[in-house]
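Copied over from TrEMBL, here are the features:
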- LEU15, GLY16, ALA17, GLY18, SER19, VAL20, GLY21, ALA22: NADP(+) binding site (BINDING)
- GLU194: L-homoserine binding site (BINDING)
- LYS209: active site, proton donor (ACT_SITE)
- 355-439: domain 'ACT' (DOMAIN)
Amino acid sequence: MTMASAAEPLTIGLLGAGSVGAQVARTLVEERDLISARVGAPVRLIGVAVRDVEAPRDWRIPGELLTTDAESLVDQADLVIELLGGLEPAGALIDRALRRGAGVVTGNKALLAVRGGELAATAAETGAPLHFEASVGGAIPILRPIQESLSGDRITKVMGIVNGTTNYILDQMDTTGAAFEDALSEAQRLGYAEADPTADVEGHDAAAKAAILGALAFHAPFTIDDVHCEGITAVTGADIEAAAASGYVIKLLAIAEKFDGEGAVLRVHPTLLPRTHPLASVRGAFNAVFVVAENAGELMFYGQGAGGVPTSSAVLGDLVSAARLLRQGTTVLEPSEPAEIVPALPIEKARTQYYIDMEVADEEGVIAEIARVFADHHVSIEAMRQPGIVSVDGEVDTDHDNGAVLQVVTHPAQEKSLAETVATLKALEVVRAVTSVLRVEIEQ
């Protein structure tokens, strides 16, 4: 392992100077004495690798620190902070640093969700620290509690709001009645959403974080390919209103849930939450992660999930932790063998409640016919609601006797059974359309 002597400063190389990287650089320059005191040894930022040294940045990095030669910087530093994002060249640079024994701090969720297990194995082989708290939840300390504080417990479920963009959009739709497109435009104006919001609104960003959370919670080599992913683009104002009328709010949740004796299902999708659930109160662009463990019970971690200044807090915390290990010359031990093998299960194995919204014929016997379909597929109905009549153009209008809106909430059922139920419902003559199918998370 690379280790600076007591007389020499521990050298730090920073890769990337975006909103987070610029704040990390500022702290390492302006508050070097504070960070050194926390580490217990002097630290020194020796370079910041960027693509364009002339590009404007949130904080003006001294010119002598800027370089375009990332590989050379990695070869000189005792500790490398990777904030480039993406799979490459970030992956190659992290691998290069770990193989020479340098510590690595990264917030690269996309890379970790694909190669996290491989990079962790390399770190264990060389004894180099690899920390990545900033990859999930921004400023929220969640990964270290899962890895360390709860290491003597059995985690059964992790459920989180881990994407601020989608939470802001859904919150606006719920509280102001805004349409999806208008809420997205406002999120972009405020800087919560990228010009191309696909990774956020289609759930890909949350899926990467679900893979990381699941891998740590269940000690399994999950990747993003193991995550069932649905975004929020299909959520309508009618869905939001129907949820509110029944005491629910819709959130995009990243869920990793273990089913004893089988494995774990990792999923990202819009979900109905009771308004009494702790996660239901998470507003705007904030994030939160809800953990259920056998002994600790229910825990929730809440805070700012994005932004340069908040996320830099997680990066700097990892830096201090990794730097202490390097200063002490402590070898990072290879992880022990897991106590059980937890395979990834397909979404069909998930078991939860469901909300189904249908347009049906307004005639005698319809409800009984629909109820029989649920019974035939062993899906029990918890509640059924008929809020209004559907006119020819699809609008709810109690003055027209053309059709009715029927909303059903089921008891917990397996995804496979629910899918078969919906397929049968769609084939019924009395069902004009199944307009929404959303999962419901009940309170534990």
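Yeah, the Cβs are placed from backbone N, Cα and C, and that goes for glycine too.
Note that the structure is a prediction, hence the values are computed from the model and not measured.
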*Cα-to-Cα gap, GLY16 (NADP(+) binding site) vs GLU194 (L-homoserine binding site), nearest whole Å*: 18
*How does the model score the domain 'ACT' (355-439) in terms of mean pLDDT?*
87
_Check: same-chain CB within 8 A of NADP(+) site center, minus LEU15, GLY16, ALA17, GLY18, SER19, VAL20, GLY21, ALA22_ = LEU14, GLN23, VAL24, ALA25, ARG57, LEU83, GLY308
*Counting across all protein chains shown, how many other Cβ atoms sit within 10 Å of the Cβ of GLY21 (NADP(+) binding site)?*
29
_What are the sequence-distant neighbours of SER19 (NADP(+) binding site), meaning same chain, six or more residues apart, C-beta distance under 8 angstroms?_
ASP58, GLY307, GLY308, THR311
*Of LEU15, ALA17, VAL20, ALA22, the binding-site residues given in the record, which has the fewest other CB atoms within 10 A of its CB?*
ALA22
*Given GLY18 (NADP(+) binding site) and the residue listed as 'L-homoserine binding site', what distance in Å do their CA atoms have, once rounded to a whole number?*
14
*If you count Cβ atoms within 10 Å of each one, which of the binding-site residues GLY16, GLY18 comes out on top?*
GLY16
*Could you check what DSSP calls ALA22 (NADP(+) binding site) once collapsed to helix, strand or coil?*
helix
*Distance [Cα-Cα, Å, rounded] between the residue listed as 'L-homoserine binding site' and VAL20 (NADP(+) binding site)*: 15
*asked:* My understanding is the cutoff is Cβ-Cβ under 8 Å with a sequence separation of 6 or more in the same chain; which residues meet that for LYS209 (active site, proton donor)?
replied: LYS109, ALA113, SER135, VAL136, GLY137, GLY160, VAL162, ASN163, ALA254
*With DSSP helix as H/G/I and strand as E/B, how many residues of the domain 'ACT' (355-439) fall in helix, strand and coil?*
24 helix, 36 strand, 25 coil
